[in-house]
Amino acid sequence: MQRNGHDEPMKILQRRELSCHTTTTLRWLPPSSSLFSIIESLVTFTTLCGQVYDYVLTIESEVKLVWYTKWNLTKLLFLVSRYSAFVDAILTTYDHFSPTISEETCHGISNAIPWVILGGVGVAEIILIIRTWAIWDRDRRIGSALFLSFIGIWATNAYCLAKFMSGSRVQMINTVAPSLDGCFLETTQDLLVVDWVLVVVFETAILGLTLVKFVHARVGLGPIARGTTPPLMQSLYRDGILFYVYLFGMSLINVVVLVTTSHDLSTLLACLQRAMHSILSVRLLLNLREASMGTVRFCDERGRASVERRSKQRPLRRRGRQPKPYHLQHRRRHVGGRR
């Protein structure tokens, strides 16, 4: 009993210290809205670091396969998708972390970033559309369906984003947490869910078209883009399927976050998903160019296949009778022609 009597003052002192420490900690914690902004800022900064890391890994291939090639649509889309992702990531990081940013600058950047992200994701989707159209031998029906679907979906996305921005307001973080800098977008709307759901639906359709063509090629139900090399076709199907799965998973996670969490986290994964679209679409084009020996075109010499390989050596002259193509070896006769 005497021992307990001596321990009692120590327990009281420990409780007071714990209560004081808890009170100080609770005073330091910012309100929920600014806390969500801190989380979004950290995600954005991590995304920027990932983009820089991927850039360091692929800059050598980019210089060799892209910089010294002729200007065409593929090169333009590559450069826009590649470098516009750094623009919105840097602006978002500056928007959230800069201690000297003015309220006017903060408003301008916060209102511009969502549109830059929407446009960047759209450019990446155009690259994936061209690739899908290519593996379908430039089929006009497939190309028209994909193009019209893209126009309709992105017009809807632009409308929903405009409504979302009109119902949102930019707030300085130091108004709710004086020790913090930057600003954040405050909203009470769920319209961004529509945007990302439409992206998920569109990417699911493209993945389905890729899988159908892959199955046809594997079981011999359809031709495999004549005039191409096996490594090139492996790159087309492998990268296409894997990248679509990654993008679909990222889009689905974003939709789940939007549906199940607070409105203040509506833009939490926007920058990350934008970066994933940029990184994967750029790697897809780099792999295609590397597989095609440095030259990528979206039609072959017959005007049907997706990519043409240009050899650096002069072709050998044909002498004598040449063997028939494999798909004609087992046919008995052509109507009105030779065996």
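For all residues, glycine too, the Cβ spot is worked out from N, Cα and C.
The compositional bias 'Basic residues' annotation in TrEMBL covers 311-339.
Positions annotated as domain 'DUF6533' by TrEMBL: 52-86. A Cβ distance under 8 Å defines the sequence-distant neighbours of the domain 'DUF6533' (52-86), meaning residues of its chain 6+ beyond its ends; these are 116, 119-120, 123-124, 126-127, 130, 274-275, 277-279, 281-283, 285-286, 289-290, 294-296, 298.
Taken from TrEMBL, the feature region 'Disordered' covers 304-339.
Here TrEMBL flags 112-133 (among others) as transmembrane segment.
What TrEMBL lists as transmembrane segment is 145-165 (among others).
Per TrEMBL, the feature transmembrane segment maps to 196-215 (among others). Residues 121, 125, 128-129, 132, 135-136, 142, 146, 149-150, 153, 156-157, 221-222, 237, 240-241, 244-245, 247-248, 251-252, 254-255, 258, 273 of the same chain sit 6 or more residues outside the transmembrane segment (196-215) yet have a Cβ under 8 Å from a Cβ within it.
As annotated by TrEMBL, transmembrane segment applies to 236-259 (among others).
Listed by sequence, the residues of this chain that lie at least six past the ends of the transmembrane segment (236-259) yet keep a Cβ under 8 A from its Cβ atoms are 128, 131-132, 134-135, 190, 192-193, 196-197, 199-200, 203-204, 206-207, 210-211, 213-214, 217, 225, 265-266, 268-270, 272-273, 276-277, 280-281, 283-284, 287-288, 306-307. Across the domain 'DUF6533' (52-86), the DSSP tally of helix, strand and coil residues reads 30 helix, 0 strand, 5 coil. Remote same-chain residues near the transmembrane segment (112-133) are listed as 73-74, 77-78, 80-81, 84-85, 87-88, 91-92, 95, 139, 142-143, 146-147, 150, 154, 157-158, 161, 164-165, 195, 199, 202-203, 206, 209-210, 236, 240, 243-244, 267, 270-271, 273-274, 277-278, 280-281, 284-285, 288, 298, 306 (criterion: CB distance under 8 Å, separation of at least six residues from the stretch ends).
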